[in-house]
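These come from Swiss-Prot:
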- His83, His182: heme b b562 binding site (BINDING)
- His97, His196: heme b b566 binding site (BINDING)
- His201: ubiquinone binding site (BINDING)
- 33-53: transmembrane segment (TRANSMEM)
- 77-98: transmembrane segment (TRANSMEM)
- 113-133: transmembrane segment (TRANSMEM)
- 178-198: transmembrane segment (TRANSMEM)
- 226-246: transmembrane segment (TRANSMEM)
- 288-308: transmembrane segment (TRANSMEM)
- 320-340: transmembrane segment (TRANSMEM)
- 347-367: transmembrane segment (TRANSMEM)
Amino acid sequence: MTNIRKSHPLIKIINHSFIDLPAPSNISAWWNFGSLLGVCLILQILTGLFLAMHYTSDTMTAFSSVTHICRDVNYGWIIRYLHANGASMFFICLYMHVGRGMYYGSYTFSETWNIGIMLLFTVMATAFMGYVLPWGQMSFWGATVITNLLSAIPYIGTELVEWIWGGFSVDKATLTRFFAFHFILPFIISALAAVHLLFLHETGSNNPSGITSDSDKIPFHPYYTIKDILGLLVLVLTLMLLVLFSPDLLGDPDNYIPANPLNTPPHIKPEWYFLFAYAILRSIPNKLGGVLALVLSILVLAIIPILHTSKQRGMMFRPLSQCLFWLLVADLLTLTWIGGQPVEHPFITIGQLASILYFSTLLILMPISGIIENRLLKW
């Protein structure tokens, strides 16, 4: 009798994806983040579902309904803070995952990489719309400022913004549609993630050395299931420390003030995980230029495979490229810090320099370093 795990039409798919999957024997902890992202997505969908049972998407009651969840619903406070801080953990894992892909040259799997970029955009859109839902001051003004950026599009900008708003300002129609989109997008993300995995399993995983590992594969279970559980424990511990000891550490105090269209907060800023892109947006004085830079700061990932000049796949044996990679990481941290600062001297200048360095590292310095390393190795 054949094993049901290998013969059943449905269980067979799961078996080929998570149990008998041949995986390289040398992949490090940096390969944990894919499974952690899956766990984060499941956590967000479950906590979000329970929050949606009590939330009302009406401008008059949205803020009160969130307060009601925290005060009156059984364990509502922990569900709300797991959802809010779960988003932060999601983005930490997401940026680590993308960073690992860049460092080890995983972008050479072009289909997997491009779907990953689509996933990144979709997750960012979902997180932005979720931030609007509590209808606090920062929710309202963040929605107003970010949606207003679309008015920079020539000819159709103003009409497009009013179409998204459902009126002449951010109001009830905007909140209702944002809630609807925020609810449906995680399921679209799940479908995209399945396609992402499908394409990855067509080629098999990359590994730190960057060379083919077909001759040295081991089954995913039990080796990497156990390894992933370690990463999961670290993730859960970090998340619970955040939720139980300082749940508002990564939030904005202004969001505990109900939305008021007549009173602008002194510093409008998004959640911490968007600050780097926000800093790039603010570093360009022209509105359309800023919007283009904002979109390109993520879209630049799509042309990284084209700009790969090195004859080696990853950066494991390329010290010059390693230096540039960590320079890029430091630059992104600088941009994140600048994004949270007021628009005044010296932050404006630092932001502009960091933005120039971000694009020049990715588009100019990294391809040049690949060529130099090839020459040094006489390739």
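Even glycines carry a Cβ here, placed using N, Cα and C.
Shown on the structure are the features that Swiss-Prot records.
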{"residue": "His83", "record": "heme b b562 binding site", "DSSP class": "helix"}
{"residue": "His97", "record": "heme b b566 binding site", "DSSP class": "helix"}
{"residue": "His182", "record": "heme b b562 binding site", "DSSP class": "helix"}
{"residue": "His196", "record": "heme b b566 binding site", "DSSP class": "helix"}
{"residue": "His201", "record": "ubiquinone binding site", "DSSP class": "helix"}
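No contact links the transmembrane segment (288-308) to the transmembrane segment (178-198), because fewer than 3 Cβ pairs that are 6 or more residues apart lie under 8 A. Counting only residues at least six positions away in the same chain, the Cβ atoms of His16, Ser17, Leu21 sit under 8 Å from the Cβ of His201 (ubiquinone binding site). Listed by sequence, the residues of this chain that lie at least six past the ends of the transmembrane segment (178-198) yet keep a Cβ under 8 A from its Cβ atoms are 17, 37-38, 41, 44-45, 48, 52, 55, 57, 112, 115-116, 118-119, 122-123, 125-126, 129-130, 132-133, 143. Rounded to a whole number, the C-alpha distance linking His97 (heme b b566 binding site) with His83 (heme b b562 binding site) is 20 angstrom. Residue pair His83 (heme b b562 binding site) / His196 (heme b b566 binding site) shows a Cα separation of 24 Å. Between the transmembrane segment (226-246) and the stretches 33-53, 77-98, 113-133, Cβ pairs under 8 Å are most numerous for 77-98.
Counting in whole angstrom, His196 (heme b b566 binding site) lies 21 from His182 (heme b b562 binding site) by their C-alpha atoms. Here His182 (heme b b562 binding site) comes close to Gly48, Thr126, Met129, Gly130, Leu133: these same-chain residues lie at least six apart in sequence, with C-beta atoms under 8 angstroms from its C-beta.
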